[in-house]
Amino acid sequence: MSSESSLTCEALLNSAIEQIGGESPRLDAELLLCHATGLGRTSFRAWPEREVALDQAQAFRELVAERVKGLPIAYLLGQQEFWSLPLKVSPSTLIPRPDTECLVETALELPLPENARVLDLGTGTGAIALALASEKPRWQVVASDRVEEAVELARENSRSLQLPITVVQSHWFDQIPESGFDLLISNPPYIPVSDHHLNEGDVRFEPPSALVAGDDGLDDIRLLVAEGLQHLNPDGWMLLEHGYDQGEAVRNLFAAAGWRNIETRKDYGGNDRMTLARKPASDQ
Ligand code: GLN
């Protein structure tokens, strides 16, 4: 192959697809070529012979090499869509997952006041908080994260999407003195430290602090369930994401701490994925 022909979109894509392999090599390669060239995906299809500038071809090859090492596409693009919101992502936070949109859907169905006060704990990119703010402009949404880079990222996403939320740096409730929330929502770390999934796929490149929670994966959930009650209004809700096999354990934690209306719900794949519970009314 001559050096000239190797710089067409088609040649670059074909060589990348071969190297990337895995589940979705064409999609990955196309997304990376869009990122390197600023072109849209349809333009490669309509005009595969289109020449790519040398510096852009070089940038593309570097991205492909990172992908071959396993780096998540979202980190290479610096962006991931969640609830149709284009969120900036970085290796300091978890990449938002589609299944976490089920948490947002469930929160939106709860019987909450029109101007509900909501706290998203361990917000990362700000995904859950920003999705809720986009749907409920009258809610007062606070988001917290222990990691400074995550706090900055969530603030940046809030600014660029023009969705006003308050982001505070806090390890769970440590810097949250207020009570009076109507909803506490979180996608906390919940993977057991010895889980083999941690050695596979995207999670290898995500921060362990966002994924791993002790021997049984429940360390952070235990804390949230125990401390949540004192930050909620009577009748307020807590909604937690957890592992597919943790539903019963999480329901038991809520029950032991005196919560009511405890219910586990499934994700889009039909797996147990979240449990919600309500703080008892004050006269109970
Ligand atoms: N659902 C994610 C995964 O299995 C984990 C997210 C989390 O720990 N909060 O990759």
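Glycine too: its Cβ is placed from the backbone N, Cα and C atoms.
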Recorded S-adenosyl-L-methionine site member, picked from ASN115, ASN187, that accompanies GLY122, THR123, GLY124, THR125, GLY126, ASP145, TRP172 in TrEMBL: ASN187
Sequence-distant neighbours of PRO189 (substrate binding site) in its chain (C-beta under 8 A, six or more apart): GLY122, SER209, ALA210, LEU211, VAL212, ALA213, GLY217, ASP220
Contacting binding-site residues for ligand 1, chosen from GLY122, THR123, GLY126, ASN187, PRO189, TYR190 when the Cβ sits under 6 angstroms of any of its atoms: ASN187, PRO189, TYR190
Packing count at TRP172 (S-adenosyl-L-methionine binding site) (other Cβ atoms within 10 Å of its Cβ): 18
